[in-house]
Amino acid sequence: MIPGNRMLMVVLLCQVLLGGASHASLIPETGKKKVAEIQGHAGGRRSGQSHELLRDFEATLLQMFGLRRRPQPSKSAVIPDYMRDLYRLQSGEEEEEEQIRSIDLEYPERPTSRANTVRSFHHEEHLEDIPGTSENSAFRFFFNLSSIPENEVISSAELRLFREQVDQGPDWEQGFHRINIYEVMKPPAEVVPGHLITRLLDTRLVHHNVTRWETFDVSPAVLRWTREKQPNYGLAIEVTHLHQTRTHQGQHVRISRSLPQGNGDWAQLRPLLVTFGHDGRGHALTRRRRAKRSPKHHPQRARKKNKNCRRHSLYVDFSDVGWNDWIVAPPGYQAFYCHGDCPFPLADHLNSTNHAIVQTLVNSVNSSIPKACCVPTELSAISMLYLDEYDKVVLKNYQEMVVEGCGCR
């Protein structure tokens with residue numbers, strides 16, 4: 001069974017096992033009577049068997065998601081606005097401009113062209129001043145990337161820093177500062193104090209009268225840590241101000257929470273490390289433009305009582321199976337399913353293969369040979385934004401999740 005169909009089977013069976021009228025809408029009409037019969041015959045055995053089957057189905061789904069166990073998100077888990085916006089842009093929802101929080105957000109076409117998974121990491125709260133630098137102008141901090149699976153190949157990574165406008169002093173409009181990003185090559189304990197061994201990863205000269213996010217390429221460091229299995233000693237940020245006094249050093253690049261700032265605001269402004277990787281399954285993320293679906297016109301669809309093979313509506317709601325606590329978006333999706341007859345002779349619009357035509361022809365003279373079956377002939381992917389078992393936010397592309405076309409095969 002292909003991964004997409006297996007996913008749908010897991011979702012449907014879980015909802016059948018959970019029972020209740022609220023789940024009936026997800027079961028095709030042709031299957032409701034059969035479900036009722038199964039539930040009736042099961043009797044007292046239903047509870048124990050259902051629990052065991054549900055556990056097995058959930059394990060299958062988690063394995064497909066690349067998760068070792070079911071995520072149990074903590075109440076303190078934060079979904080970065082950047083990841084929400086990236087999901088909206090990637091899934092074709094950019095028309096809803098009022099929902100895009102990052103005004104200066106640009107879709108990372110190049111990084112996503114070789115990735116089907118995007119992960120985000122906040123830095124550890126503890127910061128270390130780097131000795132030998134001017135007051136509060138350089139810090140060393142750490143991102144824990146141990147949750148990245150072994151089979152995921154990282155292709156690129158970026159560090160996002162939020163900087164605020166500073167309007168102090170008469171010459172602030174002419175002020176510039178340079179932001180340098182370094183990889184720490186040796187831990188501080190192994191080097192002479194004041195002489196931290198680093199290598200420059202990226203640098204930028206920016207005007208300090210603008211409030212915005214800045215993105216830096218830290219791919220060389222992350223590739224060393226993940227591909228080459230080199231020790232991760234963290235990153236260092238250095239802010240060098242031009243045309244400004246020392247009293248303003250480090251004030252407008254946000255790498256730590258200010259005292260008057262609430263936890264909610266700081267959670268969205270913290271430095272964010274974003275990795276782009278591929279687990280070897282499926283295609284890379286591709287930006288989709290939302291378009292109104294216009295179902296292909298088929299003459300038989302105009303007749304309500306037509307029973308020929310076609311696509312039917314099937315909405316999968318993650319809240320019905322209790323997965324909405326760790327699946328951030330979408331809340332559900334239209335999966336569709338294929339159902340209907342494959343009559344002889346097969347019409348062109350039934351999207352049949354030569355084999356299906358021959359099989360249907362033989363069936364017309366020999367009923368022991370089954371008819372061709374109504375099955376999906378075209379499937380598409382969906383993107384999912386979720387929290388993994390380590391409370392890390394993941395955006396991933398899953399193939400073969402939506403039926404786009406049906407046919408007799």
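Heads up, the Cβ atoms here are built off N, Cα and C, so glycines get one too.
What Swiss-Prot says about this one:
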type: DISULFID; residues: Cys309-Cys374; note: disulfide bond
type: DISULFID; residues: Cys338-Cys406; note: disulfide bond
type: DISULFID; residues: Cys342-Cys408; note: disulfide bond
type: CARBOHYD; residues: Asn144; note: N-linked glycosylation site
type: CARBOHYD; residues: Asn209; note: N-linked glycosylation site
type: CARBOHYD; residues: Asn351; note: N-linked glycosylation site
type: CARBOHYD; residues: Asn366; note: N-linked glycosylation site
type: MOD_RES; residues: Ser91; note: phosphoserine
type: REGION; residues: 284-308; note: region 'Disordered'
type: SIGNAL; residues: 1-19; note: signal peptide
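Overlay of Swiss-Prot annotations on the structure.
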| residue | record | contacts (Cβ under 8 Å, 6+ apart) |
| --- | --- | --- |
| Asn144 | N-linked glycosylation site | Phe121, Glu124 |
| Cys309 | disulfide bond | Cys338, His339, Gly340, Asp341, Cys342, Leu350, Cys374, Cys406, Gly407, Cys408 |
| Asn366 | N-linked glycosylation site | none |
Recorded positions listed as Ser91, Asn209, Asn351, least Cβ neighbours within 10 Å: Asn209
Distance [Cα-Cα, Å, rounded] between Asn351 (N-linked glycosylation site) and Asn209 (N-linked glycosylation site): 60
Neighbour-count leader, CB within 10 A, disulfide-bonded residues: Cys338, Cys408: Cys408
Number of Cβ atoms other than its own within 10 Å, given for Cys406 (disulfide bond): 23
Sparsest-packed of the listed disulfide-bonded residues (Cys342, Cys374) - C-beta count within 10 angstroms: Cys374
Alpha-carbon spacing, Asn209 (N-linked glycosylation site) to Ser91 (phosphoserine), which is rounded to whole Å: 33
